[in-house]
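Okay, here's the structure, questions in a sec.
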Amino acid sequence: MRPAIELPTRIARALVSASNQTSPTRSWTPQLEHTLHRLGCRNSLSPQLISRVIDPFLITHPSLALGFFNWASQQPQFVHDSISYQSILRSLSISRQFNAIDSILKQAKAQNVVLDGDTYGSVISSLIQGRRTKNAFLVFNEVKLLSHRIGADICNSLLAALTSDGYLDNAEKMFDEMCMRDLPFTTIGFGVFIWRFCRNANLDRVLRMLDDVKRGNCEINGSVIAVLIVDGLCKASKVNEAMAILNELRIRSCKPDFMAYRIVAEAFRSNGDVVDTDRVLKMKRKLGVAPRGNDYKLFVLDLISERRVIEAKELGEVIVSGNFPIDDDVLNALIGSASAIDPGKLPTLLTLSNLSRNLCKHGKIDELVEVFRVLSNNDYFEDKDSYSVMVSFLCKARRVREAYGVLQEMKRKGFASSASLYNSLLEACCSDDLLRPAKKLWDEMFANRCGVNLKTYNILIGKFSQVGELEEALRLFGHMLENGVAPDATTYKSLLEGLCKEDKIEAALDVFNKSVQQDGILSQNTLRIFILNLCRNGHLVVASELLRSLTVNKGVGHSDSHVVLLKCLADAREISIAIEHIKWVRDTSDSMLQAISREILASLSSSSNPGPILQLVQSAQEYLTFDDVSWKDCAAGHA
């Protein structure tokens with residue numbers, strides 16, 4: 001026989017080699033027992049040898065480890081002790097062989113074998129990860145005297161698991177046991193527990209629990225705990241209690257941050273309680289602190305690593321709905337774990353909208369697309385509303401190809417595409433200068449009878465005017481008038497800006513006359529835009545003549561349009577043209593001259609660059625009707 005130190009290696013290699021020939025491989029068969037007999041190792045059997053073969057050589061081959069353990073049990077005059085039991089339980093725990101674990105534990109108990117805390121810890125941890133939470137608690141209950149040897153981390157994991165899986169009575173017993181044995185609490189353990197527990201408990205009980213935790217050697221993050229408590233209370237419609245506990249939390253060094261106050265304020269707002277909403281927001285400004293993003297990042301990642309995915313998702317929703325920043329790695333972890341969520345617990349449409357808005361705001365477009373991919377794989381998008389959210393945010397993210405693909409998928413499933421979805425796609429195309437696809441979408445809208453509306457026209461007219469395709473813009477303008485779609489200020493603004501930029505003054509005047517025919521108030525707003533664009537493009541004399549003509553012939557010109565013109569003339573240092581215009585106004589309407597004088601004086605007082613206007617006023621003061629005192633005071637202030 002080789003030296004004893006080599007024997008575990010020889011046995012393990014022989015078993016692994018022989019098991020490669022079995023079917024299935026690495027399974028225990030009688031042939032492996034013959035292999036052991038040929039090695040002649042029965043006379044050398046001891047619990048220490050069993051342990052050294054299993055750990056480390058067979059630790060990840062549970063079938064071989066258990067077969068070897070059981071074979072040794074059958075050998076004459078051989079008895080396992082704690083060393084061999086602990087090694088086999090470690091192997092079975094790693095591979096989550098739960099039936100075998102239960103059987104080995106019963107054997108050990110029947111033979112009065114004492115196992116160490118580390119072994120029980122590995123068993124409990126394995127049961128938690130395998131979602132056998134109640135069994136894990138039963139094991140803990142049998143060996144709770146070894147709590148300190150099992151470890152505070154595993155105890156906190158069990159507390160969180162019992163809570164998350166709905167065993168609240170057992171979770172409360174676990175909490176009391178940890179308090180009695182002075183085991184330190186972590187944010188994961190106590191946080192998940194109190195988040196759920198406070199929904200059905202009175203405030204005094206919640207605060208006593210918090211005091212018990214704070215008295216120990218705890219490792220909890222006070223602000224995170226505060227958010228979890230108030231969120232739990234608000235989810236249970238205990239909004240008044242949530243507001244009352246804010247001060248109690250602050251006293252106990254669990255200072256609520258902006259997230260906590262926002263949760264309570266939003267709960268009051270959703271109830272229509274404006275007074276209490278304002279009270280909480282004032283408390284937030286006075287007493288709150290900005291959330292420490294890294295604290296929430298670590299907590300969410302810890303939740304995911306503990307497989308508390310539902311809780312991680314809920315906290316992610318709280319962060320996103322409040323528009324608080326969230327790091328890439330946290331988002332990636334949440335997205336990656338989303339496929340493990342029960343489809344019945346997928347995010348609501350409101351939550352998805354909030355998440356998508358937050359991702360777009362922070363430029364996390366790849367993450368947004370990945371969220372939609374994961375949800376699609378879970379059959380999340382099953383109606384028009386959910387599809388509309390996806391199309392809308394893909395367009396905001398300017399992922400036109402993906403958005404169009406979703407639109408086609410909707411059509412295949414029989415969902416009618418609305419004008420609003422096509423408008424979103426049109427805006428995205430125009431933002432990226434994709435005019436040919438935009439024109440095709442326009443044709444498709446008519447083919448599908450989607451109901452082209454004012455926004456559709458404005459998107460395309462605005463883009464065509466911007467890029468100088470004015471004939472196309474005017475064609476669409478005529479098309480909308482023929483179809484009874486009334487232009488608005490946006491329509492006229494786009495056209496007049498484009499036409500003036502290209503010096504198409506006659507066409508611009510025709511467009512403006514349409515606004516006069518359409519609506520008097522609309523034409524006044526349009527006139528200001530028209531005058532401003534004429535001046536910006538150097539048509540100063542044309543603007544003055546146009547304004548005089550409109551004022552005399554159509555009664556369109558108001559004092560504010562004249563003021564726009566005079567300011568533009570002052571900025572261009574065309575003082576002579578401005579004075580001629582002022583003279584004309586004086587001769588035409590004294591009341592209008594007084595109104596223009598007041599507006600120019602007001603603009604002089606509020607302007608950050610009053611020089612040009614001051615020069616105009618000084619040159620034309622004999623024609624303008626300023627009050628002497630106000631004019632002198634204003635002029636002195638800008639001298």
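Just so you know, glycine gets a Cβ as well, placed from its N, Cα and C.
Okay, so TrEMBL annotates it like this:
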- 222-256: repeat 'PPR' (REPEAT)
- 383-417: repeat 'PPR' (REPEAT)
- 418-452: repeat 'PPR' (REPEAT)
- 453-487: repeat 'PPR' (REPEAT)
- 488-523: repeat 'PPR' (REPEAT)
Over the span of the repeat 'PPR' (453-487), count residues by DSSP class, listing helix, strand and coil in order.
26 helix, 0 strand, 9 coil
Treating G and I as helix alongside H, and B as strand alongside E, what does DSSP give for the repeat 'PPR' (222-256) in helix, strand and coil?
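Each residue of the repeat 'PPR' (222-256) counted once, the result is 27 helix, 0 strand, 8 coil.
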Summarise the repeat 'PPR' (418-452) as counts of helix, strand and coil residues per DSSP.
26 helix, 0 strand, 9 coil
What average pLDDT does the predicted model assign to the repeat 'PPR' (488-523)?
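Its mean pLDDT is 92.
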Within the repeat 'PPR' (383-417), how many residues are helix, strand or coil going by DSSP?
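Looking at the repeat 'PPR' (383-417) with DSSP, the answer is 26 helix, 0 strand, 9 coil.
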